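Novice: Residues or ranges marked as domain 'GHMP kinase N-terminal' in TrEMBL: B:83-171. Here TrEMBL flags B:PRO111, B:LEU112, B:GLY113, B:ALA114, B:GLY115, B:LEU116, B:GLY117, B:SER118, B:SER119, B:ALA120, B:ALA121 as ATP binding site. The annotation active site, proton acceptor is assigned in TrEMBL to B:ASP163. Among the features that TrEMBL reports, domain 'GHMP kinase C-terminal' is placed at B:234-300.
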There are 2 protein chains.
Amino acid sequence: MVTASAPGKVYLFGEHAVVYGEPAVPCAIGLRASVTAEKRDEGLRIEAEDLSLSGFTVEYDDDETNRPDIDVPNSLVDAAMGYVDEAVAQVREAADSPDAGFDITIESKIPLGAGLGSSAAVAAAAIEAGTRELGVELSKAEIAERAYQVENTVQDGQASRADTFCSTMGGAVRIEGDDCQRIDSPDLPFVIGYDGGAGDTGALVAGVRELRDEYDFAADTVEAIGDIVRRGEQALAAENIDEIGDLMNFNHGLLSALGVSSRTLDSMVWAARDAGGLGAKLTGAGGGGCIVALDETPETLTALEYTPGCEEAFRAELDTDGVRVESG
Amino acid sequence: MVTASAPGKVYLFGEHAVVYGEPAVPCAIGLRASVTAEKRDEGLRIEAEDLSLSGFTVEYDDDETNRPDIDVPNSLVDAAMGYVDEAVAQVREAADSPDAGFDITIESKIPLGAGLGSSAAVAAAAIEAGTRELGVELSKAEIAERAYQVENTVQDGQASRADTFCSTMGGAVRIEGDDCQRIDSPDLPFVIGYDGGAGDTGALVAGVRELRDEYDFAADTVEAIGDIVRRGEQALAAENIDEIGDLMNFNHGLLSALGVSSRTLDSMVWAARDAGGLGAKLTGAGGGGCIVALDETPETLTALEYTPGCEEAFRAELDTDGVRVESG
């Protein structure tokens, strides 16, 4: 029996613009999904616990066709189970053990469907746990590649490498097209606010595309986000946290211009800024979900806890480990 | 005794970027300042009533040095009185009557210090009323020029021609540097929300300048606002209100990126959008003050009335008259 875990992520800079070839910088956060894999004779049994901060438990046995009785949208459960199914397929292929059976247990502190990369973390941790359980040790590069294949299969070929690479490698990473690399970063005192919702990623991406196709100034705005990312990399290398915050603020405004912010996201962003946070922006597709701010003091967390529309607020340091074996 | 009135204004597009040579489109709104001028033997007596929607009355006699006891910042009263003093100087010069004395009465429905161009309206109306009272009829072009001189004197050479030209001419106007002209526009169903505050215009303009000097992407953002204005002129000519709203939303996001929005401005902008307003943006220097939205239905007005932080909400049609004589 092997337990592995992998972190969630936030976008420090560059979401949406990354779709058009601009660079982006996601950062792994110290909020993890753990996957335990134990060999069994055949088949697959998946048990999922605490898949979101709101808390729910799934007992799901794929020998049975009954859907568990839980208070979350089926599509989320379907999605989570789909990621595990595909991760196990990758494990079997990597270990050349097409018939290997597993009991898989998932525990995650990463809110599901909040844009924090929970599915990528589950995929990476499941691949690490499953292959180790079969006595095979993969390089991080191979785990990242296979985790990406998992997401890409589940997401019908639309996945970005950002989440899986970031979750596997940890730290701040730079994504530009298919080119992914870790970059230098100081410790970053993330504070995250979550409105409990999620935007429609497909519709949000399509909305940006329409604006960009229609208006040169929207295309320029996408390019300006890329320029922010390039300046942001310099600020990370220089460990200039104040400037990183300023760039996050600017990035958020440009995302707002592109139509992907929302009332609650802006409300949380302002709570963070007014509380003295060094910078605040939405993270991910937008339309709802999470904001990320930087604040070493307790002020932003407190402000978010008292902000109407903020369902959960928590701190998360920059994670520098990526996927790792916890036991076994 | 002659009474003249002149409208306030909102920026449909382009504030801040206009400082750097980009075009901007302010629009006159059906919310007016009235000035009554009556000859007297010598000197000047100024009475101001209802200088803001919040309501206060100033009785101010410039033969006396006593400051009236009113519940508004002295700087606002000083400013309002300064505009009238300078407007009367313009009247005396235009009518070649250096010793003309006046009783001046001001009534305004334009909130003072809210970025709605109350001082420009007072200046234009005072020049029209004062010259007519002396039997002189100025062209609108001359009133606009003299009203600009009033603002420029009071504002130590820092005034823009936008407010005075717009208030004098009425309608939608295009400002680019010193070039000002009326442009075609359909009727626009403005709804305005006012948070009761005002940003520090000098600090906000300086903040944009610093960003623009430091970051190419900020300079690009300023240029993108200019591009929005140019598209906005086409949308006005085509009477495409939906697109005008979309462009206002984009413009607001870019202003947010430049650091000139605020928590209450964003809160009002989202109230308008969520209520079905066709577009919403801050108007003027930002940091506090007013937002402007477009909505033919009552929904945006109602939403703003129930939005925390919104002190006043009101409708205003596009004013097409500009300065006009009301009586006398």
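Yeah, the Cβs are placed from backbone N, Cα and C, and that goes for glycine too.
How buried are the listed features, and what sits near them?
Specialist: As a summary of secondary structure, the domain 'GHMP kinase N-terminal' (B:83-171) carries 51 helix, 8 strand, 30 coil according to DSSP.
Around B:ASP163 (active site, proton acceptor), taking its Cβ as the centre, 28 other Cβ atoms fall within 10 Å, counting all chains.
When averaged over the domain 'GHMP kinase C-terminal' (B:234-300), pLDDT in the model lands at 97.
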Novice: Hey, for the ATP site built from B:PRO111, B:LEU112, B:GLY113, B:ALA114, B:GLY115, B:LEU116, B:GLY117, B:SER118, B:SER119, B:ALA120, B:ALA121, who else sits with CB inside 8 A of the CB center?
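Specialist: Other same-chain residues near the ATP site: B:GLY8, B:ILE110.
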Novice: Pick the one among the binding-site residues B:GLY115, B:GLY117, B:SER119, B:ALA121 whose Cβ has the fewest other Cβ atoms within 10 Å in this structure.
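Specialist: Output over binding-site residues B:GLY115, B:GLY117, B:SER119, B:ALA121: least Cβ neighbours within 10 Å is B:GLY115.
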Novice: Consider the binding-site residues B:PRO111, B:GLY113, B:GLY117, B:SER119, B:ALA121 and say which one has the Cα lying nearest the Cα of B:ASP163 (active site, proton acceptor).
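Specialist: Considering only the listed binding-site residues, the nearest one is B:GLY117.
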